[in-house]
Structure formats: structure tokens, C-alpha cells
Amino acid sequence: MTASSPSLSPTLELACELIRRPSVTPVDADCQALMMRRLEAAGFALEPMRIEEVDNFWARRGGDGPVLCFAGHTDVVPTGPVQAWQHQPFDALIDEQGMLCGRGAADMKGSLASMIVAVERFVADHPGHKGAIAFLITSDEEGPAHHGTKAVVERLAARGERLDWCIVGEPSSTSLVGDVVKNGRRGSLGARLTIRGVQGHVAYPHLAKNPIHLAAPALAELAAEHWDDGNAFFPPTSFQISNLNSGTGATNVIPGELSALFNFRFSTESTVEGLQKRVEAILDKHGLDWHVEWALSGLPFLTEPGELLDAVAASIKAVTGRETRPSTSGGTSDGRFIATMGTQVVELGPVNATIHQVNERVLASDLELLTEIYYQTLVRLLA
């Protein structure tokens, strides 16, 4: 079954149209143009925002009152080896098992289609709805994420735009659609550490300073450190060394320098400044000649039980019969940028079992359920 099949539902028809556009990050491949045409027909005011090489748009419908925003990305990761796919990655096929196959099916063109169709139905049923509905869409989520949601949020905040609630369409579900929603994410703090020694001949170690030997006890202490206990919403902060590099490639040369890359995934129990000071204190304790460059990817955020989480949970229960489980596990998402506006943020999307993999796929019927969950959430908040 393909995108041209007359038996496809509106959600699946749109999902297939989006998947068939090869929008490998940061290319949008006119996915946003397709979405904007649909939203304009539903009464939305459109504001394209091309920033550097990245396509973004902001769309809004409604007046004063609370604003519910749907956020997501049209870009996808590269396919990997095309010959390893059972079907061409941008053909958007529904197979014999009822799976919608294609790059972006789960992450996250299926969610985008469900959002659009749910909103179209809602504004048709409730043309005089309360508050406003908005869309914040980017083509720079899978890449550096410098000129996408982060940049749009900065512009919206600068002009005082209101954003009360936001549903991000990231694939949050693990086994069944709606079984897990993300109501927060840990912060991500990375660093490049350089330890300086003195290069020399291995036969004359007294004339050199081996940075590997010098750094090893400090790195071991950092790896063993207990950073915090976490809390009811977040696991304890984790520290991981991801890269170590030193040496000339020769067995008879003591290197002059060691570089290490490491990352914190940190909870709301720790701060950026606190983690940095503790790392630097350990390095000083070991008497190292060190330099560190820090890179903050995002602060932790948390949406506690309230209007948005309650509405989403009630909608999932009504549509699927199951209780959802809020979670803050996993990596970062664009929700971290939106949360800086004081917005309640929840990530809700399809099952994430095959995201970024060869043969990415999602159960087609799950997108119908997701559309209904989005629709019922709109009803609970804005009808």
C-alpha cells in the first residue's frame, strides 16, 4: 500500500506524503510548505522563519487566552546503507503486518501528520475554541540544533509571545502508543579536557611527564564520584567519559598531551556551575596541568502534574484504556528550549523501537490512535 492508495486515512495519507520527501537534516524538502498549506486552510496565520540554512515556521490560530503549541521537526537522520532496507527508505509503504515503513515514520513525520489532522478536525468541530493553537516546526533537530527551535524560541520570547502548553511529537512510547510520555529531560553538559605533560623517550621517563599516568587517577575519581541522588522525577546524575586520545602512535614515545571528552546527564538536583566546580576541584587535587572547554547542550526541565499532563493522561486513558507513565529518561529534545519560556512541556508520540535504524517503522494504526489522543487533548484544554 502506498501514499496514492485511496484506502488511506487522512493521517496516513499525510504521513506518507511527508515521508516521501527526503528531508535529511537540515534539508526540509518542502515538508513545511505542505504543512503550512494545510494550516492556512484551517485559519492559521503563518510566519516562516528561515534562519541561516534552516527552515522553521511559527503558525498561530485564535485569540487571547491560553496557548497550546504543537512542536516538532521535519528533518530526519540519514538512511544508512539503502541496500539494507527491506523497502526504499522514502517510499512510504505499509507492509503486510500493517507497519508504515520509511525514514521518519516514527521520528517524527507520523506525529506531524497526526497533529495536523487532529487540529484540522478540532477547528472544524470547535471554530470558536478558547485560547489559541500554535505550531513550532523546524528542520534542525537531528543536526546541530543551533538555528532551529532554539533560535525561534529566542525570537518568540523577545516579542513576548505566550506559550502555556506544548506537546512535542517525539516518539515517547516504548511498547504501546501512549504507554510513556516524557514530562522532562535531563540536562546535558559536555566537556573537552586537556591534560598537559612533557613528551619524551620511554627509556628516560625521568625527563618526561606522562599525561596518561598523571590523568588516570583523576579520571578514575571522576568516574567513581557520586554527583547527586536524583529525585522523584530524575535518576541520579551520570558522568561518562566518551573519548580518550593521547600518544604519537609510536611505542617508544611518551606523549606530551592527553585529551578526554566527557558528558554529564544531570538532574535538577545539580547545577552547571556546581558540576564544573567539582570537576575542577578534582583536577586541582591531583596537581594536573589542565584546561577544560565546557559545552552546555541543555538544562534539565520538568513538567509536574498539572493541566497539560492531566489532559494528556486522560486522553490516553480514554483512547487506549491504559494509564500512561511519565518519564524523564532518554536523551535531550527540543523541549528543553521551549521549557525556557515557562511552558508546560510533554513529549507524546509513537513507539520508538526503530528510530534512527534501518527499516524504521511504526504501526499504522498507532498513528490513528495518536491523532485521536491529540484531538481529545485539544478538546480537554481548549473546547
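Numbering starts at 1 and runs along the chain as it is shown here.
The backbone N, Cα and C atoms fix where each Cβ goes, glycine too.
Values in this document were obtained by computation on a predicted structure and should not be read as measured data.
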If I go by Swiss-Prot, which of D95, D107, D179, D310 binds Zn(2+) 2 at the same site as E142, H356?
D107
Looking at Swiss-Prot, which one out of H73, H206, H213 binds Zn(2+) 1 in the same site as D107, E170?
H73
Do any residues at least six apart in sequence from E142 (Zn(2+) 2 binding site), in the same chain, have a Cβ closer than 8 Å to its Cβ, and if so which, in order?
T25, H73, D75, V76, V77
Mind giving me a neighbour count for H356 (Zn(2+) 2 binding site)? Other Cβ atoms within 10 Å of its Cβ, every protein chain shown.
14
Listed recorded positions are D107, E141, E170; which of them have CA atoms within 10 A of the CA of H356 (Zn(2+) 2 binding site)?
D107
For D107 (Zn(2+) 1 binding site), what is the secondary structure by DSSP, using just helix, strand and coil?
helix
